[in-house]
Structure formats: structure tokens, C-alpha cells
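*Asks:* Quick one: structure below, then a few questions.
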Amino acid sequence: MARRRAFPAFVLRLWSILPCLLLLRADAGQPPEESLYLWIDAHQARVLIGFEEDILIVSEGKMAPFTHDFRKAQQRMPAIPVNIHSMNFTWQASGQAEYFYEFLSLRSLDKGIMADPTVNVPRLGTVPHKASVVQVGFPCLGKQDGVAAFEVNVIVMNSEGNPILRTPQNAIFFKTCQQAECPGGCRNGGFCNERRVCECPDGFYGPHCEKALCIPRCMNGGLCVTPGFCICPPGFYGVNCDKANCSATCFNGGTCFYPGKCICPPGLEGEQCELSKCPQPCRNGGKCIGKSKCKCPKGYQGDLCSKPVCEPGCGAHGTCHEPNKCQCREGWHGRHCNKRYGASLMHAPRPAGAGLERHTPSLKKAEGRRDPPESNYIW
């Protein structure tokens, strides 16, 4: 004798009301013309009731006959079992037809047992032209055993904004939930859901919600103990332990970044930035910027900024004494030491036929004469 197949009570109860609930889809091919279709596909139907056929809910833009008295039918509908956490629906707008939808309500009526149902699509949008899945989730909280009622209210409209016949459809369903236990428990207000996974409140994370979340994160080995609060190790302080508490002061503009450690500006070194990298100090206001390297102010140059700069220079008869000030050798003068004393007299033209000695001025007379203005010098 053949053994009869055993069905769960949920399946048997669904089978008992199939004649008034379900219109099986006869044409499994492409939807004809331009219209709207919504159905539970064969795979999902098999999971729910063990019957592998498409179940039409909306056909050719109209609600299926079993939905006409849906409230009466759902009173006999069994609760969704513990092991079923979601249900998939498939919908499609065929041809060029445009349909719009809105989930007016997704609400748990027993919030201590189940949270509000979820959907994987925006609550307001357009029905796609390609067959797509809409998943409705039933999030049991895992806090207690019980049956939760929940409401799904959706309206579908055509391109003119008119609701299709018999929508909005306001349906009440029931979901069986059971208390869950998470190994190790859930801390800091987290709760164990029916999948035995801790769901953590804002600010906590981890397998047991044992870790607090600090933004910005705790630095330098700090420990986040509650959201936004760090315990800092010795030597550090600040909201996120980003500041070092130096026992000694950093000199010369140094910055403390770690207990006993200073970041020194260029040219300085030492634990407290007290040492210059230049063995001999920079002169004339220069600053040490590296090992034996000075940055000189304008007007000076050289390794120690000891050499003044004269522009364009003092020529062959002078030396630069101060910035843009030349010290000329004896017999030379001028800003750049390029003018010679007595040069105009020595090179003046002699009268024709005159003797050299007769018309050459004596040294005493030459010394007694005033030099002409520098601008009249020939050089």
C-alpha cells in the first residue's frame, strides 16, 4: 500500500480554502496586450502550500475573483509559519501601459512580537515593464512566542491616476513568531531576532552588541566605552584621545604629539626642540632650517648669512660692506666703486702746440681743486 504524503497543518488549511482564494494562472507565457499582472510564482507557491503553480492576484488590470471577498477569506487563512520569514510577489506592466503603486500602510498590530513589515522596493513608484519581484518581510523580534497580526495596504493606479478595480486592497495577515536565544546573549539593549542574531541599537555593534561606536574613532589606543565617549590611555586626552599630555614643554614652536615626544620645526632637534641643527648660529636674522643650513633674510647670503649682497655688485675696486653698500678702494668712489678720483683732469684735452710740463697742473693745484660733480665724470 502506498504511503500517504503528510502535509503540515498550514498547508492543509490553505488547501481547504483554495477554491475561494486562488485563481491559478493558466497562461504561463508572456502577458498579452497592455495590462497589469501580479502573481505569486510557482516556486513561492510551492514553498507556501506545496502546490507548484502560479497564483494570479491581478490579471489584465483587474483583481482576481478570490479577492472580491478577501476579508471573509482571510479570516480562515492560517498564520504564516515560524520558518517563513518573507513572501515574494511578481508583477509586470506589459506593453506600453503605465501603472503606479503606493504602499499606504505597512504596519504591525503586535509590535511586541513583530516589527512593521518591510518591502524591497520604494513605497511609492512605477510598476516595472519587466517581471520583477516584490518581497514582503515579516521581521519577528524574537522577544516572545506568539502570533502577530500585520496590515498591508496597497493602491495601484493607471496612467490617468485612477485606482484599478477593488484597490486599495487592505489585507490583514498573521505571522507565528517564537522567542529566540542568541548564544552569549545581546548586550546594551540589543535583542535576539528569530534568526538568533543580535540586532543592536544605534551606537553599538558586534556579535553581542558589546562594542560601542565612537565617531571619530578613539586614537592612540583609546577605548570606546559608550557611543561617542573614549577612555584614553595615560599621556593622552581629548574627545577621541588625539592630544598628547607632555610632561615637558616643547620649545621654539615645537608641538607635542606623544608623551615626551615633540615635533620640531625645521632646523631644530632634541626632545624639547631645544637644540639647533646649525652648530654655529645663523647671523643677521637668518634661521636654521637644516643641518648647518640657514635661511637668510633679504640682503644676506652664505652658509651663516654672514655675507651681505650688493646688486649689481661692487666691481673690481670695492667690496660689499652692507646690503647694497659698497666699500671702495683708495682712489675709487661711486655707488659701485666704478669712478676714479681725478679721472676728468687726467684725461682732459691739451691745447694744440702746448708742452707737456707747461700745461700739466701741479700736484698741489690738483689737490686743491674741488672735484666736479660725479655725474660729469667720464668712466
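Count begins at 1; order follows the chain as displayed.
Cβ atoms are placed via backbone N, Cα and C, with glycine included.
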*Asks:* If you look at what Swiss-Prot says, which of C241, C246 makes a disulfide link with C232?
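*Replies:* Record-based pairing for C232: C241.
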*Asks:* Determine, to the nearest whole angstrom, how far the Cα atom of C246 (disulfide bond) is from the Cα atom of C337 (disulfide bond).
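*Replies:* About 58 Å separates the two Cα atoms.
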*Asks:* Taking all residues of the domain 'EGF-like 5' (307-338) together, what is their mean pLDDT?
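*Replies:* Mean per-residue confidence for the domain 'EGF-like 5' (307-338): 87 out of 100.
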*Asks:* For the domain 'EGF-like 1' (178-210), could you work out the same-chain residues 6 or more beyond its ends whose Cβ comes under 8 Å from its Cβ atoms?
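*Replies:* Distal contacts: 82, 85, 139-145, 226-228.
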*Asks:* Closest of the disulfide-bonded residues to C214 (disulfide bond), Cα to Cα, picking from C186, C256, C294?
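*Replies:* So, spelling it out, the nearest of the disulfide-bonded residues is C186.
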*Asks:* Among the disulfide-bonded residues C182, C209, C314, whose Cα is within 10 A of the Cα of C198 (disulfide bond)?
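*Replies:* Checking each Cα against C198 (disulfide bond), the hits are C182, C209.
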*Asks:* Can you grab the distance from C182 (disulfide bond) over to C314 (disulfide bond)? Cα atoms, rounded to a whole Å.
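*Replies:* For C182 (disulfide bond) versus C314 (disulfide bond), the Cα atoms are 90 Å apart.
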